[in-house]
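What follows is a set of notes on a single structure, which appears directly below.
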Amino acid sequence: MSRSAHPAGPRYADVLSEGHYAAPPADLNRLDPKVWSRTVGRDADGVATVAGIPVTHLAEQFGTPAYILDVDDFRARCRAWAEAFGKDADVFYAGKAFLSRAVVRWLTEEGLNLDVCSGGELSTALSAGMPAERIAFHGNNKSTDEIRRAVEAGVGRIVLDSFQEIARVAHLAQSLGKRQRVQIRVTVGVEAHTHEFIATAHEDQKFGIALAGGQAAEAVRRALNLDGLELIGIHSHIGSQIFDMAGFEVSARRVVQLLAEIRDEHGVELPEIDLGGGLGIAYTSDDDPREPHHIAKALTEIVTRECEAAGLRTPRISVEPGRAIVGPTAFTLYEVGTVKPLEGLRTYVSVDGGMSDNIRTALYDAEYSVALVSRRSDAEPMLTRVVGKHCESGDIIVRDAFLPADVAPGDLLAVPATGAYCRSMASNYNHALRPPVVAVQGGAARVVVRRETEEDLLRLDVG
Ligand SMILES: *Cc1c(COP(=O)(O)O)cnc(C)c1O
């Protein structure tokens, strides 16, 4: 946990997870704009609303659990990123955070580009009209079929991740009579997470080709010599949920150093550098993410400075935010089923979803916040753990949460900042039916990804 410690209250000190607030927030009814999408508020009756629609209406109409996505917020974030980086840079939305055809349409209209990393994401993008030249294809083990489809479709770039792939893409492109624009993904020896980053010479992970030991330089040599490839740049992605720019600084310096080596050895200045994604968002009121224009300014300055020092023309920069665009735009709406007080410990509040719609708490020990949204309550704060309905004691959505002590079955709870890596990582564990994604805008709501049905599950099970 990167969170700084807070003074422990006598009542909760021994049962709170390390690093969590020991004291309840001053106002449990407050919906902090930092973690909720921008059209969220409460109406005169105390019911939370989004885009002017009470959540009670959404629950009635669409059922729970449901992901509720604020379209104006999504589009505003796309615009903020596009404007922050301007004409001389490219913003690629990382589709793995959450991809649907509606998302692709919004991205296309807002002028963003799109990262995909599987045939499924590629077909979603193409079927919703994203121009192929605005698509980048990632992945450490793209299949031959995926590569062929990407080349045939004419994707703007394939990000090469291994020596085998350099040969594979070159061969496929040539056999299709094409010259594929590619970048090489390098590992720069920076592992960044939230407020810490570690810079090392080597990196022990599956992605990319190491700068260390001349591996990346060898990859460049091969790519430049293959007719099927047009090498346009170097790619680096250093981590996720990052708040501190220092890791990007080390990464950019090391990538620019490689660009200088390439110029010295081959006499070419590669025109592009991609610094990846990983920019953090606020999951709780403690988190302080930076605005896109700060990030754009910082990254542009770092690259410009390093290039000047190396005597290189500044390459075109691209970035790949996923979480930072879609994460804050959605919340998950649940209904409380049972409330179980454990004397001297905490109260377990069970909702009608769980690790099948949000695996991040179990998988990464991620922190979330939660609020009672179907009504206002003036009851005392109570320490709870919000859990799902799965057959697993690790099925936790919010590990330590203060909720009003009168929280009861039938109440609606909402967990904000679930737009990224929740629906996209959802599973059918316990044959759960994956929740719908409901897009809300200007007082209207519509399903953009429908709820799964038992027929959907049975259709896959051919008996
Ligand atoms: C996951 C990923 C991203 C997006 O990461 P976020 O944390 O969602 O911003 C961008 N680029 C690459 C290569 C990735 O693997």
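Cβ atoms here come from the backbone N, Cα and C positions, even for glycine.
Since this is a predicted model, take the numbers as computed values, not measurements.
When TYR93, TYR283, TYR421 are compared with the substrate site residues ARG323, ARG360, TYR364, GLU392 in TrEMBL, the one appearing in that site is TYR421. Among GLY247, GLY267, GLY278, only GLY278 appears in TrEMBL as part of the pyridoxal 5'-phosphate site alongside GLU320, PRO321, GLY322, ARG323, TYR421. Summary of the pyridoxal 5'-phosphate site environment: with the site residues GLY278, GLU320, PRO321, GLY322, ARG323, TYR421 set aside, the chain residues having Cβ atoms within 8 Å of the Cβ mean position are ALA94, ALA97, SER240, GLY277, LEU279, ALA324, ILE325, GLY327, ALA420. Cβ environment of GLU320 (pyridoxal 5'-phosphate binding site): VAL91, PHE92, TYR93, ALA94, ASP115, ALA136, HIS237, ASP274, GLY276, GLY277 lie under 8 Å away, each six or more residues apart in the same chain. In the three-state DSSP classification, GLY278 (pyridoxal 5'-phosphate binding site) falls within coil.
In the set GLY278, ARG360, TYR421, none of the binding-site residues has a C-alpha within 10 Å of the C-alpha of CYS391 (active site, proton donor).
Put simply, LYS96 (N6-(pyridoxal phosphate)lysine) is 10 Å from PRO321 (pyridoxal 5'-phosphate binding site) when counted between their Cα atoms.
Taking the C-alpha atom of GLY278 (pyridoxal 5'-phosphate binding site) as reference, the shortest distance to any of the recorded positions LYS96, ARG360, TYR364, GLU392 belongs to LYS96.
In terms of Cα distance, none of the binding-site residues chosen from ARG360, TYR364, GLU392 sits within 10 Å of LYS96 (N6-(pyridoxal phosphate)lysine).
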